[in-house]
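Pulled from TrEMBL:
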TRANSMEM  30-50  transmembrane segment
TRANSMEM  62-80  transmembrane segment
TRANSMEM  100-120  transmembrane segment
TRANSMEM  132-149  transmembrane segment
TRANSMEM  155-174  transmembrane segment
TRANSMEM  186-205  transmembrane segment
Amino acid sequence: MAVVMALVVVAGFSLQLAMGRSSFEAPLLVHAHAVVSMGWVVIFLVQNLLIATGQLRWHRPLGWLAAAWLAPMLILGWLVTEAMVRRGDVPFFFRPLQFLVFDPLSLATFVGLTVAAVWLRRSTDWHRRLHYSAMAILLGPAVGRLLPMPLLIPWAWEATTLVTLAFPVIGMIIDLAKTRRIHPAWFWGLGVQIAMIAATEALTWSPLGLQLYQTVTAGSPGAAVAPLAFPTPTGPPPGV
């Protein structure tokens, strides 16, 4: 499944590049975010391959590198989200306030599950399932690039979460097929993700969410963008 997850990421971002919707002319901050995020995908894939081939001697030190990798992922993820919202440059199939909430909250949930997986590293049954559940959350941006997002308005973000939720469910099904029981780690991984989705919706439609949006966008072009309305598309995709 690690290979499948990596392929989803590569497919999602490659499709956008091929269709001219992504550009290497993006700001340096975006490039840094992309390199760090893709670096995590590589680490995740390599770690799984090391376990599959019995290379524990390399798995452990790379695991500590992965733990240190979380900080720049969290920081850069927030900075990119903040910059897009302040510019009024949120993709038109997302409500700007919802985007401001779900992007960093998804990343924070991913980090939380990953930290839990590291904490339980000696319980390998929990360790690998929590890592898998965390990685499923991180697939959201790639999945969104594979789905026809404009056609899914007003439920575009919710549609991507349904796809990412499918990954831990697949893990449950595999457990049932192999052991006739579902490991409790799956319920934690799935439950935390569902809680994150519920928290995103609640905060998006709350006065606290509106206050957050006003604070973040103060003094920027984003302040003139309605936080709960879908932005007007600026034009057809390149090449159309």
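Note that Cβ sites are derived from N, Cα and C of the backbone, with glycine treated the same way.
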### Message
Under 8 Å between C-beta atoms and at least six residues away from its ends: which parts of the chain pack against the transmembrane segment (100-120)?
### Response
63, 66-67, 70, 73-74, 77-78, 81-82, 85, 90, 126-128, 130-131, 133-135, 137-138, 140, 157, 188-189, 192-193, 196, 199-200, 203-204, 209, 212-213, 216, 227
### Query
Against which stretches of its own chain does the transmembrane segment (186-205) lie, if we need a Cβ under 8 Å and a gap of at least six residues from its ends?
95, 97-98, 101-102, 105-106, 109, 112-113, 116, 129-130, 132-134, 136-137, 158, 161, 164-165, 168-169, 171-172, 175, 212, 228
